[in-house]
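**Q** My structure is below; once you've seen it, I'll send some questions.
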Amino acid sequence: MAKEKFARTKPHVNIGTIGHVDHGKTTLTAAITKVMAAAGRAEFRAYDQIDGAPEERERGITISTAHVEYETEARHYAHVDCPGHADYVKNMITGAAQMDGGILVVSAADGPMPQTREHILLARQVGVPALVVFLNKVDQVDDEELLELVEMEVRELLSSYDFPGDDIPVIKGSALKALEGEESEMGVDAINRLMDAVDAYIPEPERPLDQAFLMPIEDVFTISGRGTVVTGRIERGIVKVGEQVAIIGIKDTVVTTCTGVEMFRKLLDQGQAGDNVGVLLRGTKREDVQRGQVLAAPNSIKPHTKFNAESYILTKEEGGRHTPFFSNYRPQFYFRTTDVTGVLKLPEGVEMVMPGDNITMEVELIAPIAMEKGLRFAIREGGRTVGAGVVAEVID
């Protein structure tokens with residue numbers, strides 16, 4: 001039989017398993033691939049294939065991540081699983097593996113543990129839109145009341161971090177039994193129920209094309225007789241010739257008109273997400289625009305200087321700092337295409353930050369940058385990356 005061509009007919013969603021160490025994230029990941037493989041919708045990946053994930057470097061940070069893929073009736077999923085807790089922290093903060101939703105794995109035998117809490121907080125801070133809970137190892141708990149107590153505890157914990165704890169689907173099962181092929185309510189059935197819940201509850205991501213136009217400006221040129229051209233890769237949305245666009249960040253916002261879009265020396269009617277283009281701007285002087293600003297649909301994004309961030313500070317081994325830093329530390333924050341100096345304030349009760357820590361901090365930049373929740377940045381000192389972060393909340 002000929003190999004089937006991979007048909008992109010189903011919507012694509014990125015998900016991942018999160019939760020405390022040894023609660024069964026990797027076993028569950030393997031079990032999902034096994035159950036889906038039985039239906040001809042995945043390639044089975046054994047536990048040790050997933051657990052021995054190779055190291056990858058993302059923005060200078062070493063992260064181990066395993067990627068598996070599978071399909072349900074409705075969707076195609078790319079699923080990430082990380083071997084170690086530090087890998088999760090780095091992954092979620094750098095956005096190395098984008099998550100449209102997560103499966104929170106909690107051992108019914110232990111209940112929520114410190115990393116359960118930390119992963120929920122991280123998911124909230126970095127803007128993972130939805131979570132589904134898999135209450136694992138139910139074969140180790142005989143008492144039905146105890147199971148209900150653990151479920152209540154998980155729901156309350158989710159609610160305390162602003163997830164809708166009462167509405168989130170909680171599926172009870174045993175990843176190990178499913179992996180062993182046991183056709184029982186806690187085995188294979190539980191995996192099928194889990195995937196139904198993921199299909200139903202985790203929203204389909206909005207495609208970049210359908211979002212408001214935004215393009216980080218990488219370069220500015222003057223073309224004699226035609227005006228100023230800014231170049232960059234369109235991050236999202238569409239820009240059409242004749243439309244108004246705003247130049248945002250660093251200086252005061254200016255609204256102008258796009259009078260031309262060029263790609264590979266050809267003139268186009270429009271540019272769209274993913275295209276590397278030159279955009280011709282009406283009546284804009286070359287010195288009015290600079291790298292680090294963005295071109296965007298008017299009123300779709302605002303410039304800000306003050307925000308809360310969730311960040312990870314590199315270890316010495318990763319090429320980061322060798323020493324801790326304190327409040328009022330002034331590094332550069334690299335957003336999209338440029339560095340902006342900022343001052344950071346540590347949370348109350350935190351004296352200093354050591355290399356390898358992850359921390360919530362308040363940052364004030366010396367110049368405004370077009371930003372919104374979820375925007376990633378690097379923390380740099382003299383061109384060397386010392387950390388990574390994500391905007392958790394815009395303050396001003």
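Any Cβ shown, glycine's included, is placed from N, Cα and C.
Per Swiss-Prot, the feature GTP binding site maps to 19-26, 81-85, 136-139. Taken from Swiss-Prot, the feature Mg(2+) binding site applies to Thr26. Residues or ranges marked as domain 'tr-type G' by Swiss-Prot: 10-206. What Swiss-Prot lists as region 'G1' is 19-26, and the listing cites similarity to another entry. As annotated by Swiss-Prot, region 'G2' applies to 60-64, with the evidence given as similarity to another entry. Per Swiss-Prot, the feature region 'G3' maps to 81-84. If you look up Swiss-Prot, you'll see 136-139 marked as region 'G4'.
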**Q** Give the mean pLDDT for the region 'G3' (81-84) on the 0 to 100 scale.
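**A** Its mean pLDDT is 86.
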**Q** Counting CB pairs under 8 Å, which listed stretch among 19-26, 60-64, 81-84 touches the region 'G4' (136-139) the most?
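**A** Looking at each of 19-26, 60-64, 81-84 in turn, the most contacts to the region 'G4' (136-139) are made by 19-26.
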**Q** Counting only residues 6 or more past its boundaries, what in the same chain has a CB within less than 8 Å of a CB in the region 'G3' (81-84)?
**A** 16-17, 21, 25-26, 29, 50-51, 53, 63-66, 68, 91
**Q** Could you say which of the binding-site residues Lys25, His85 has its Cβ with the most other Cβ atoms inside 10 Å?
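**A** Answer by Cβ density within 10 Å: Lys25.
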**Q** I'm trying to understand the geometry here, so how far is the Cα atom of His85 (GTP binding site) from the Cα atom of the residue listed as 'Mg(2+) binding site', in Å to the nearest whole number?
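**A** Cα-Cα, rounded: 12 Å.
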**Q** With a Cβ cut-off under 8 Å, give me the same-chain residues at least six positions beyond the ends of the region 'G2' (60-64) that come close to it.
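**A** For the region 'G2' (60-64), the far contacts come to 53-54, 82-84, 87, 90-91, 94, 96, 312, 314, 318-319, 378, 385, 388.
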**Q** For the region 'G3' (81-84), what does DSSP give as the number of helix, strand and coil residues?
**A** 0 helix, 1 strand, 3 coil
**Q** Let's see if you can do this one: DSSP helix, strand and coil counts over the region 'G1' (19-26), in that order.
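**A** DSSP composition of the region 'G1' (19-26): 2 helix, 1 strand, 5 coil.
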**Q** Would you list the DSSP helix, strand and coil counts for the residues of the region 'G2' (60-64)?
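**A** Summed over the region 'G2' (60-64), the classes give 0 helix, 4 strand, 1 coil.
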